[in-house]
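K.L.:
The structure's right below; bear with me while I get my questions together.
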Amino acid sequence: MGPRCSKLSLCWWPTHLKSTHNEASDLDNGTDDLPSFTEFSFDQLRAATCGFSTDSIVSEHGVKAPNVVYKGRLEDDRWIAVKRFNRSAWPDTRQFLEEAKAVGQLRNERLANLIGFCCEGDERLLVAEFMPFETLSKHLFHWDSQPMKWSMRLRVALYLAQALEYCSSKGRALYHDLNAYRILFDQDGNPRLSCFGLMKNSRDGKSYSTNLAFTPPEYLRTGRVIPESVVYSFGTLLLDLLSGKHIPPSHALDLIRGKNFLMLMDSCLDGHFSNDDGTDLVRLASRCLQYEARERPNVKSLVSSLAPLQKETDIPSHVLMGIPHGAASPKETTSLTPLGDACSRHDLTAIHEILEKVGYKDDEGVANELSFQVWTDQIQETLNSKKQGDAAFKGKDFVTAVECYTQFIEDGTMVSPTVFARRCLCYLMSNMPQEALGDAMQAQVVSPEWPTAFYLQAAALFSLGMDKDACETLKDGTSLEAKKHNNRN
């Protein structure tokens, strides 16, 4: 199991720690705009997650996890994270409600706050703020363009300590399975602690899903989590931040005991931190990883130790992280146009306004052969049908619009994807989703790479209750829209 850290003698440990830090209560501001804790219906959450689509899964092990986390979007456009527990996790409804409501009372800018729950039949779900910019694991272990900067790593450690201190001050000192997947980044690039780890049920699997090499010693002995166990896990996270790797504590402590702690440091950080700074963080990690729980620091002293180490405090997190401020995360984007967004929300009024505004621009190159045709009375009559249909469409006389557009289509002289799109919406307005789906598919046949055809298919599929298929079709429309946008550039 490795050496007992309590036997490790490091003469440069401080005898006491200064308490110069922001109190947890100072961080309660900035959360007034959060909604109150709410009960959601299962249907609401199913719709928000596109029928709990596999494409909406954001949790670590995907669909194989016992409890899966999905990203979702509510009718008011709020993004949420939805944790759906397996059916055996919370057999006691009362216990689930009590736990959820207790965690739901917490409000802090260092947390991804719990904003709601659902408890219907055997279903148990939690709803939290959605954090768009991935996990600490992603940014630390699987980065794409740049490794995490030293000053940002120090900030992550401090913000996490502040989150734990706040929770402890509110009577929620236990956090289950604290690891790099539990640290999430918000729209400003600030790290936050997931609220999901604050709830635990005796039947909800193990408190630690990670390798036993990273598990607090007392948990291995007793199977119980105590506040000091959370500090131990915090120590393993400090090792992650120091090394950029997931190093077993026993190996790290061997290096520290041999005064080779610089070998722990991430090679990407060479030249970007002082030895004193590295030493201070290693000291703190060592104290957190003491074998005896009583010898570990409390969360308040973690904040005291980390606050003086902060660097570049005037630089916003999104700059340190290389995230363009105000940029939409890929996880937040379901459509690239207002039409796609309106179809995803099944806002028929907005769809009508957009189709009316766009007119027949998208028919260019598809239905513009008329100038090369011989003008006949039949063609003129066909054009008159379309013109009458357009007038009815503009005036929201959808029954007349269907009749006129149908005459135009059945004449067969000309083909217009926009006419199919307009008649599709008329059918949706008339509560005829099956006919609407047929027209949207015909529009796709005429113009195979027209995003509008896919978006309208999605709107029809939503009307038919086929949410999963609708989300897939929205995704196809989004891909075509992105391709179209890239070709322009």
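Positions of Cβ are set from backbone N, Cα and C atoms, glycine also.
Pasting the feature list from Swiss-Prot:
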- Gly2: N-myristoyl glycine (LIPID)
- 55-321: domain 'Protein kinase' (DOMAIN)
- His61, Gly62, Val63, Lys64, Ala65, Pro66, Asn67, Val68, Val69, Lys83: ATP binding site (BINDING)
- Asp177: active site, proton acceptor (ACT_SITE)
- Ser209: phosphoserine (MOD_RES)
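Quick one: how deep are these features, and who are their neighbours?
P.N.:
Counted within 10 Å of its Cβ, the other Cβ atoms near Asn67 (ATP binding site) come to 17, all protein chains included.
In the three-state DSSP assignment, the secondary structure recorded for Asp177 (active site, proton acceptor) is coil.
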K.L.:
Between Asn67 (ATP binding site) and Asp177 (active site, proton acceptor), how many Å separate their Cα atoms?
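P.N.:
Given the Cα positions, Asn67 (ATP binding site) is 14 Å from Asp177 (active site, proton acceptor).
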K.L.:
Quick one: pull the CA-CA distance for Asp177 (active site, proton acceptor) versus Val69 (ATP binding site), whole Å only.
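P.N.:
Their Cα atoms are separated by 16 Å.
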K.L.:
Specify the count of other C-beta atoms within 10 Å of the C-beta of Asp177 (active site, proton acceptor).
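P.N.:
Asp177 (active site, proton acceptor) is surrounded by 19 other Cβ atoms within 10 Å.
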K.L.:
Only counting partners 6 or more residues apart, tell me which same-chain residues put their Cβ under 8 Å from the Cβ of Val69 (ATP binding site).
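P.N.:
Counting only residues 6 or more apart in sequence, the Cβ neighbours of Val69 (ATP binding site) under 8 Å are Ile57, Val58, Ser59, Ala81, Val82, Lys83, Arg84, Phe196.
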K.L.:
With DSSP assignments reduced to helix, strand and coil, which class does Val69 (ATP binding site) get?
P.N.:
strand
